[in-house]
Amino acid sequence: MERHDGEEYIPAIFGGQPPHASQVISLMKFSQETTTWNLPIMIAQALLVSEVIRTYPAELRMLHRLFQRKHPNMAEIFFILIKYLTIFAVIFDILVTETFAARTDFDCRSWAWTSSTFYFMCSTLVFCVIGWRARIIFRTSQVASWSLSVGLMGQFAVAMWTNYRVDKADALTPAGTCAPAAQVHADASQRNAALQLHFWQSSTFWFLLYNTIFESSILMACCIKLRKTSSGPSGLTKIAKVLFSNNVHYMAGVETCNVIELVMLLGWTSSLPPVHITSIAIQIVVGLQMLIGEQEAVYSPTCSQLSYSQYSSDSGGYINKHHAATSSSNGTFSTPSRTLSYVKRPGTGTTVADIGCADASGGGQHGRKGTFSSISSVPAYVKANPIVETVSPQMPSKAQSQSIPYKREVEVTVDMSPVPPPPGPSPAPLPAPYM
């Protein structure tokens, strides 16, 4: 096997003559500058390839749940689209930037455009995931729905405009590699024009600025909404805590990267390599992790009855029919004068704000169709028609108490309706007291 580190081209570079020290130094600097210029692209490729491999176990669990339900939910659709568009984008990007596979200008142009378009489509899909989560958190708010719709259309327009404007390796060089056509076919005067680029002329700057402002606004609004509507006695409820932490992690990762790149573009627009791919790669990685974390929280065994409510299938939300159909944690106790109902959940106080109870378990009445029940802080003791307690309830038998799985959600109903009189003639009235 031959060693391919570039040394085989050195004799051709210097015409077979022993190189001077200045020539060797210049060649080494050129090699280093080329590596540095392509570093953002290589970082993005490494991040995305590692993320694709890392998510396969979670994807297998997701496909197993999909096989059981026979139909996907919106989170699974978003995950599959983002992941496999990313795979194709990375493959074409590596072919263009790291190999000699291209043979014609058409190869470079088609692969470069496909890769770039898929990258920006993944960015828009991650933006759709954020908007979809926000729509569920804000429930039926028309203002939120219109704002998210307008923002999504704006993001898609800015993404496609940036995709059209950014440089792509769409021309074949004499060496057999792909490079931007402006470098391959343009003269020196056209090349120098790119060195006078200002930040407001950069489409990447406006793409990053739009994403940073709108995503940060949505995520901060979601955090405030969760704090207001999903706090119980011990803080945020279980699923609300997952949503809140994912929002914070997304802002800490993606928006911080965007702000750093925006500052760099403000000062050194003409001196920077393409940085939008690195930002999109971080956005994809955090977005996939956000989808995986929330799906695992919903469908994990410890959260089978403590997750999202029966979110309507026409809205494409989270739904867990298997858990709702197999719930066996309900108990009923009857005695003659009143009815008592309560829900017990480990790790909570007197509320079921974080319980996504299905209708079969009796807790669906507290949820709202099309929303997460984990976001509705309705105490268990709130009833539409409260009954005044007149007789204290009887304790259940020992056998019934042992059959209740206290480790999971338990709904107990004590029916104490009046006992009907026994059949037969009514008993004779008691004699009047002796006077």
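The backbone N, Cα and C atoms fix where each Cβ goes, and this holds for glycine too.
Bear in mind that the values here come from a model prediction, so they are computed numbers and not experimental data.
With a cut-off of 8 Å between Cβ atoms, the residues of this chain six or more beyond the transmembrane segment (33-53) that come close are 83, 86-87, 89-90, 93-94, 97-98, 273-275, 277-278, 280-282, 284-285, 288. The feature transmembrane segment is assigned by Swiss-Prot to 33-53 (among others).
Per Swiss-Prot, transmembrane segment is recorded for 77-97 (among others), and the stated evidence type is sequence analysis. A Cβ distance under 8 Å defines the sequence-distant neighbours of the transmembrane segment (77-97), meaning residues of its chain 6+ beyond its ends; these are 38, 41, 45, 48-49, 51-52, 55, 59, 62, 108, 111-112, 114-116, 118-119, 121-122, 125-126, 128-129, 132, 169, 178, 277, 284, 287-288, 291-292, 295, 316.
Residues annotated as transmembrane segment in Swiss-Prot: 111-131 (among others).
Taken from Swiss-Prot, the feature transmembrane segment applies to 143-163 (among others). Residues of the same chain lying 6 or more positions beyond the ends of the transmembrane segment (143-163) and with a Cβ under 8 Å from any Cβ of it are 116-117, 119-121, 123-124, 127-128, 131, 134-135, 203-204, 206-207, 210-211, 214, 218, 276.
The transmembrane segment annotation in Swiss-Prot covers 204-224 (among others).
If you look up Swiss-Prot, you'll see Asn330 marked as N-linked glycosylation site.
Marked as compositional bias 'Polar residues' by Swiss-Prot: 392-404.
Feature annotation from Swiss-Prot assigns region 'Disordered' to 392-435.
The annotation compositional bias 'Pro residues' is assigned in Swiss-Prot to 418-435.
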